[in-house]
Amino acid sequence: MLLDHFMIFMFIIPLTMAVGTFDGYATINNHIAKPNCPAACGNITVPYPFGIGTDCSLNRKFNLTCNTSFEPPRLFVGGLRIYNISDSELRVFTTLSYRCYNQKRIPNSSWTDLAEFYTFSVKNKFTVVGCDDYALITDRNKDGFSSGCFGLCRQVGSVPKGECSGIGCCQMSIPKGLSSYNITMNSLKNHSGVMSFNKCGYGFLVEEGLYVFGGVTDLSGDYRDFFLKIRSMTVVLDWVIESEGKCANKVNECKSKSSCYDVDGGRGYRCKCNEGYDGNPYLHPGCQGQSNSS
């Protein structure tokens, strides 16, 4: 599972980060994190209910790992590297499935699986790049989502740069609520007719608008060059407090001056500050009046 136990790398938070007290507890970074807990990993803010360490998050589902062996340190949820966290979304860096036809060893595709309170946002696009390629994307549910996308072209002159319209590049939407996916790469003729300018096919999920098809450049380059191009692009995850919970049930996570709201589709709930207040709705003492939040 994505959120199995991981080694936790803790930060030492300088006392100067505490800007006040409430009931004897230090107020750190305007109530971003629990008292005496790290509010950031490198340059990424870690707001509660997320936390680095078991005692710093709402529960183990929200435990994150800060790997300090990198400079700057990198933040992870399971094996996925985090780009940023917001009040409803979490962005992680994309992963790449590929298949090359001039190599003896062909990499296998693998599952990307999320915990139950994360789902892949509909802001993402399933993308296939290649001239003799089709890729299938499926989830783990027995009768769940399964679809495919074709990237086809016969000659260099027919490939339009910047357009992902099926000629060398294909994009499609994914359904709401998808929590796992597997990309399986295939070819119609093993690239026999396009090997001179296209040896590899690629499949990946990416936030809409980030990937711009490079035309022949993306098709003819080495797969390592293509990986370098997309490795800084992101995938959007939606997160909720409880995947099957609803506000109609007893909810204790929403603190003072905040309220609960159900996520569209009935897949859990979140908390938000009431109008005229801001702060962290999950963290004691709750949201504060805007005039008092500075």
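Glycine is treated like the rest: Cβ placed from N, Cα and C.
Where the annotation comes from TrEMBL, it is an automatic prediction and has not been curated.
Taken from TrEMBL, the feature disulfide bond applies to Cys254-Cys271.
Look at TrEMBL and you will find 243-288 tagged as domain 'EGF-like'. For the domain 'EGF-like' (243-288), DSSP puts the residue distribution at 0 helix, 13 strand, 33 coil.
Positions annotated as signal peptide by TrEMBL: 1-18.
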On the 0 to 100 scale, where does the mean pLDDT of the domain 'EGF-like' (243-288) fall?
89
